[in-house]
Amino acid sequence: MNPYILATLLFSLILGTTITFTSSHWLLAWMGLEINSLAIIPIMAQHHHPRAVEATTKYFLTQATAAAVLLFASTTNAWLTGQWDIYQMSHPLATTVITLALALKLGLAPLHSWLPEVLQGLDLTTGLLLSTWQKLAPFALLIQLAPGNSPLLLVLGLSSTLIGGWGGLNQTQLRKVLAYSSVAHLGWMTLVVQYSSSLTLLTLLVYMVMTTSTFLLLKINKAANINALAIAWAKTPILTALTPFILLSLGGLPPLTGFMPKWLILKELTDQGLAPTATFAAMTALLSLYFYLRLCYAMTLTMSPNNIHGTTPWRLKSRHITYPLAFSAAATISLLPTTPALTSLFSI
């Protein structure tokens, strides 16, 4: 893609998200979401591969449907209450429909089925963009709507943690595994969004750091499925030694960074008198932990069957820029001791 066109699209992507962040009017928020969606579609289809075009078409139809529902619900709210202000959503019908539209945009279960299929058709760089940056604008709106939607958000959160863990169990394609991982993590954020928006933002930040590490290491290894991980030890031995820590951090095991948001969310849910909800969420985290362990096993303890007589593939000098991976991997593994500082910074 022409670098000037790519720069324009990335600028439009940032502009759409910024408009949604700063808007207090539903039409402006909708406009920001549309600019954001339309900017990423050429980036998704830039390789002109049939699978990428199919994924782009699915994404466009899904986002267009969610945007139409959101515009319909905001218009209905203006008709019923006489105002367009995001902070003044008072009618339960409009609030519920907008929440479901945002859940469809984010990929929350049971409105998640488009996300694994779309992510599977994209390259890892675009998939990283879809899994991180594209979550920001809808979540900004969901945080503002959260106080009036307690039962619905709990149902969406619990179903996402369950289906996100369950759906990733039998997957062999790494991008689909990461898609279900995204659904599960978004479920954790949705569970706590109505009780502590600052904790939701901290969880989203930690999730973006961990997901960035995972996508970048898969890109360096050029791995698309679990079998491709089996020869990673011969190509990038040091990175392969760090990979289990990154994956287990995604699973939420101490003493890694991923334990921090789950620990704080379970504490907050218990403080709100939702101990059964916290227990169920903790049990569904075990499902996600299983497929993370499966990836660790495939990467560190197995060898891919091959007909090559040598045991080590050619180690050519990597042309990838590794500084982003170095910073994100360090943050993914070692931020847990900074929990008190982060909680005070986010006023949790």
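Residue 1 is the first one shown; counting continues down the chain.
Every residue gets a Cβ built from N, Cα and C, even glycine.
Positions annotated as domain 'NADH:quinone oxidoreductase/Mrp antiporter transmembrane' by TrEMBL: 23-287.
Taken from TrEMBL, the feature domain 'NADH dehydrogenase subunit 2 C-terminal' covers 289-342.
Here the transmembrane segment (59-80) has Cβ contacts under 8 Å with residues 26-27, 30, 33-34, 37, 41, 44, 89, 91, 93-95, 97-98, 100-102, 104-105, 114, 118, 130 of the same chain, all six or more residues outside its ends. The transmembrane segment feature in TrEMBL is assigned to 59-80 (among others).
Remote same-chain residues near the transmembrane segment (92-115) are listed as 33, 58-59, 62-63, 65-67, 69-70, 72-74, 76-77, 80-81, 135, 138-139, 141-142, 145, 148-149, 152-153, 156-157, 159-160, 162-164, 179, 182-183, 186-187, 190 (criterion: CB distance under 8 Å, separation of at least six residues from the stretch ends). What TrEMBL lists as transmembrane segment is 92-115 (among others).
Sequence-distant contacts of the transmembrane segment (152-170) (same chain, six or more residues past either end, CB-CB distance under 8 Å): 96, 99-100, 103, 108-110, 112, 116, 146, 176-177, 180-194, 274, 277, 280-281, 284-288, 290-291. Per TrEMBL, the feature transmembrane segment maps to 152-170 (among others).
If you look at the transmembrane segment (177-195), the same-chain residues 6 or more away from its ends with a CB under 8 A from one of its CBs are 106-109, 112, 115-116, 118-120, 127, 131, 135, 139, 142-143, 146-147, 149-150, 153-154, 156-165, 167-168, 171, 203-204, 207, 211, 214-215, 250, 261-262, 265, 268-269, 272, 277, 281, 284-285, 287-288, 291-292, 295. If you look up TrEMBL, you'll see 177-195 (among others) marked as transmembrane segment.
The transmembrane segment annotation in TrEMBL covers 201-218 (among others). Away from its own ends, the transmembrane segment (201-218) comes close to residues 124-125, 127-128, 131-132, 135-136, 139, 143, 174, 178, 181-182, 185, 188-189, 192, 239, 242-243, 246-247, 249-250, 257-258, 260-261, 264-265, 324-325, 328-329, 331-332, 335, 342-343, 346, 348 of its chain (Cβ-Cβ under 8 Å, at least six residues beyond either end).
The annotation transmembrane segment is assigned in TrEMBL to 230-253 (among others).
According to TrEMBL, the feature transmembrane segment maps to 273-293 (among others). Listed by sequence, the residues of this chain that lie at least six past the ends of the transmembrane segment (273-293) yet keep a Cβ under 8 A from its Cβ atoms are 154, 157-158, 161-162, 164-166, 168-169, 171, 177, 180-181, 184, 187-188, 191, 247-248, 250-253, 262, 265-266.
Marked as transmembrane segment by TrEMBL: 325-346 (among others). Sequence-distant contacts of the transmembrane segment (325-346) (same chain, six or more residues past either end, CB-CB distance under 8 Å): 198-199, 201-202, 206, 209-210, 212-213, 216-217, 220, 242, 245-246, 249, 254-260, 264.
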